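Chemist: First the structure, which I've put down as structure tokens, then a few questions once you've had a look.
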């Protein structure tokens, strides 16, 4: 009965959060028995010369062996991915998936320059950063130790990650990519002469139809957006 209750609860989680969290857990479980981390990390030579294209994805799914660091990262992935998907991305699954794709591609390019081979932690930092900028008045209790407003959370997360022995470059990469996304999606379109530059591809909109729901989101949804079926004025 307890297992059925957990399964039912998990199925209530939004689809992107559910899929990404499950993929991370399954990847780590597979490493325990079947795989080696050396089969998962990002290596451009193996990707493009040996056609091991799965590495473009698996390097975002592995958070290290089971331990405190793994559960710490899973907690933040699940919590803030879900809060984004149920908040500013409610009814906008295609847009949310596009944010993952945009962030993943940019992190892969920049991570290659910095010789970073596992980028799941950077993706977590990006999710936390975007949520924090869209919830500036929210107060966060950080493990019962500190209470501060949401925009400070990515930096607190980075500091705690350093205490766990992780590289600061990974968190900085995620924060930087999160800021680029936030600026292009939420800030620049609201400037004089600005417009939305991050338009969700039509094929994603076709596979994941958008639902029009009244949400509070600082970005503008213009009529040029391929995911919009009608012109929208104001906030969406």
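The backbone N, Cα and C atoms fix where each Cβ goes, and this holds for glycine too.
Feature list, courtesy of TrEMBL:
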- 20-41: transmembrane segment (TRANSMEM)
- 53-76: transmembrane segment (TRANSMEM)
- 96-119: transmembrane segment (TRANSMEM)
- 140-157: transmembrane segment (TRANSMEM)
Chemist: If we skip the immediate neighbours and take only residues 6+ beyond the ends of the transmembrane segment (20-41), which ones have a Cβ under 8 Å from one of its Cβ atoms?
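Modeler: Same-chain contacts beyond the flanks: 13, 55, 58-59, 61-66, 70, 74, 77-78, 81, 100, 117-118, 120.
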Chemist: Near the transmembrane segment (96-119), which residues from the same chain, at least 6 beyond its ends, have a CB less than 8 A from one of its CBs?
Modeler: 16, 20, 37, 40-44, 56, 59-60, 62-64, 84-85, 89, 126, 130, 167, 169-170, 173-174, 176-178, 180-181, 185, 198, 200-201, 204, 208
